[in-house]
Amino acid sequence: MWDYSEKVQEHFYNPRNAGALEDANGVGDVGSLSCGDALRLMLKVEPETEVILDARFQTFGCGSAIASSSALTEMIKGKTLDEALKVSNQDIADYLDGLPPEKMHCSVMGREALQAAVANYRGEVWSDDHEEGALICKCFAIDAVLIEDTIRANSLSTVEEVTNYTKAGGGCSACHEGIEEILAKVMAERGEAFSGDAAQVVNAAPVNKSVDQVQADAMAALTQIEMPVAAAGAVPAASGAPKLTNLQRIRKIEEVIERARPALQRDRGDIELIDVDGRMVYVKLTGACSGCQMASMTLSGIQQQMMEELKEFIQLVPVSKAPATSA
Amino acid sequence: MNTIYLDNNATTQVDPAVVEAMLPYFTEQFGNPSSLHSYGNRVGQALKAARQQIQQLLGAEHETEIVFTSCGTESDSTAILSALKAQPERKEIITTVVEHPAVLALCEYLEKEGYTVHYLKVDGKGRLDLDEYQSLLSDRTAIVSVMWANNETGTFFPVVEMAEMAWNAGVMFHTDAVQAVGKIPMDLKNTKIDLLSISGHKLHAPKGIGVLYLRRGTRFRPLLRGGHQERGRRAGTENSASIVALGKAAEMALAAMEHENTEVKRLRDKLEQGILAQVSHAFVTGDPDNRLPNTCNIAFEYIEGESILLLLNKHGIAASSGSACTSGSLEPSHVMRAMGLPYTAAHGTVRFSLSRYTTEAEIDKVIEVLPGIIDQLRKLSPYWKDGAPVEEAFDPAYA
């Protein structure tokens with residue numbers, strides 16, 4: 001079963017504002033029976049002020065579709081139409097303390113129903129640019145349409161390129177076959193054959209090497225700094241380097257963490273230094289980073305930079321795995 | 001709150017007697033059955049006994065026809081890949097559109113590798129067209145792989161007859177019998193089935209153990225190479241505790257076969273009739289007259305399966321659904337689509353699968369709460385008004 005937040009469950013089991021709104025003056029219908037999700041949003045708008053006096057919904061769909069609808073009505077009641085239109089699908093997801101990546105389309109549907117209902121109230125015709133493909137990369141929630149468009153726009157021809165442009169495939173690697181299929185299709189359109197060679201180069205490389213490469217790419221993208229890629233598992237030589245004091249070490253460790261933070265924050269996450277104990281560096285991942293399937297990759301990239309800065313072996317430990325006390 | 005577990009086609013609870021049987025093989029009986037000393041020898045004897053218990057359940061002629069694997073998926077992969085390797089001149093596979101992903105995903109992969117796969121279609125009740133099947137059998141066919149009973153609807157395929165047809169055409173026959181073994185009597189020695197897959201955790205043994213039945217004389221190439229375990233047909237040190245457990249579970253399933261086909265079936269029928277009598281716009285999917293005694297799959301129109309499951313779960317009732325939303329895909333179950341289920345119902349299917357542990361009181365409880373859940377969700381649905389569907393009233397900006 002899905003890992004729904006408490007808030008999603010609460011809004012599903014006790015939906016707010018469910019049922020028909022008889023004197024609605026703005027109604028937005030989106031979805032269909034055949035696609036498995038359908039939402040009707042009904043608004044009662046005060047004509048003078050355009051304030052949403054009441055909002056109700058009817059939804060056919062899964063738990064998160066119902067919860068998203070419920071959340072949406074709560075969020076927009078009392079707002080003016082223009083204020084309400086500022087509510088994004090991400091806002092709906094945030095209100096519910098997050099949705100699983102496969103379920104983000106439920107919040108998108110909420111946002112679209114809102115646009116449709118406002119258009120209906122204003123007597124406009126709302127046409128959506130709704131296009132949603134099958135979810136390919138579950139680690140980063142990237143769907144087939146985005147991958148296809150990106151390949152087309154940038155004439156990409158390898159999985160690695162797709163990963164660099166879209167992040168898709170940069171996590172658990174399970175979707176590489178799926179990305180290859182899309183590549184083959186789009187490349188055929190432009191009269192090229194997807195070369196199995198490129199795929200084979202990736203596949204033929206020792207596993208460690210290709211993981212390293214992905215890691216290095218991810219980190220380079222994250223920190224946007226040039227980073228020499230060390231050989232797998234190599235500890236930078238300590239030869240001739242003066243020994244750092246503990247204070248100097250901690251400062252350098254802090255510098256590396258500060259450099260990594262902006263990129264993590266862009267992805268709605270963060271990292272915090274908790275303690276340094278010998279070669280063990282304890283950090284805490286928060287926000288979107290906690291529980292992210294990419295966390296270990298992020299950590300190992302940061303660890304690599306610390307080792308290069310300090311010229312010594314460092315082990316970066318997320319604090320949930322740290323010993324109870326570190327004396 | 002006690003849990004009412006009606007998802008036995010997904011997995012089953014390990015029978016306490018099975019747990020008891022396997023425990024010594026984690027402690028004092030830790031030997032490697034390949035070892036010459038008495039530690040190993042005693043375990044070797046236990047494996048032999050387990051093999052015989054499974055032989056009994058399947059009605060196999062020889063105990064050596066039982067090859068232990070790690071799961072049903074491994075058994076399926078071993079069977080199909082073996083047939084291709086052993087007969088390199090044959091490049092075609094016949095299977096069905098409603099197989100388990102363990103077979104379908106492998107076949108899709110093999111198509112990319114250059115093999116031709118024929119997928120037999122099903123009708124609205126999930127039944128095959130045997131004329132179509134006959135017309136596809138040829139000397140190009142490496143193997144036929146057809147499930148004995150469908151995991152979602154419980155519908156049987158006529159595998160005994162189909163194996164006979166394959167044999168007459170000189171074609172190897174495999175059946176994924178993961179759902180059927182232990183629920184219906186089998187007598188493999190009097191069939192032409194060459195290969196058959198079993199999964200332990202579907203019949204009250206633990207996860208991580210499976211069997212490939214391999215008829216004596218069937219051409220074979222192993223999937224895993226290494227040691228001489230399983231006579232070289234499946235290398236890797238035997239999972240002795242789980243093998244002993246599966247042997248015990250097989251013995252118990254054989255003893256409970258009568259109960260499964262009378263009492264469990266009676267409860268299943270009671271559940272089904274109890275629900276359908278109270279809920280409108282609902283129907284049984286698959287072939288009601290020809291299916292597993294424990295399985296019932298009901299489609300509820302105008303509502304979505306995951307929502308039903310979440311509300312059932314709140315009452316401590318565990319079932320499953322073929323809706324798109326439970327799997328994370330955008331499409332409802334391939335089985336429901338293959339049967340051409342109306343789009344009003346394709347997202348609202350719920351599968352109840354019973355076991356010999358299911359009680360009358362549990363079934364009564366489901367019959368009591370389910371109609372209210374369906375009603376509650378329909379009241380939320382824009383396609384429903386005052387106890388009847390109002391499909392045309394919904395006018396989406398896009399569909």
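Backbone N, Cα and C define each Cβ position, glycine as well.
Site annotation for Fe cation in TrEMBL covers A:Cys35, A:Cys62, and the matching candidate from A:Cys106, A:Cys137 is A:Cys106. If you measure from the Cα atom of A:Cys139 ([2Fe-2S] cluster binding site) to that of A:Cys106 (Fe cation binding site), you get 18 Å. When the binding-site residues A:Cys35, A:Cys62, A:Cys106 are ranked by how far their Cα is from the Cα of A:Cys137 ([2Fe-2S] cluster binding site), A:Cys106 comes first. Each of the binding-site residues A:Cys106, A:Cys175 was ranked by the number of other C-beta atoms within 10 Å, and first place falls to A:Cys106.
For A:Cys62 (Fe cation binding site), other Cβ atoms within 10 Å of its Cβ number 28. Reported as a whole number, the C-alpha separation between A:Cys106 (Fe cation binding site) and A:Cys175 ([2Fe-2S] cluster binding site) equals 22 Å. When pLDDT values are averaged over the domain 'BFD-like [2Fe-2S]-binding' (A:135-184), the model yields 86.
Cβ contacts within 10 Å of A:Cys35 (Fe cation binding site), excluding its own Cβ and spanning all protein chains shown: 20. A straight line from the CA of A:Cys172 ([2Fe-2S] cluster binding site) to the CA of A:Cys62 (Fe cation binding site) spans 27 Å.
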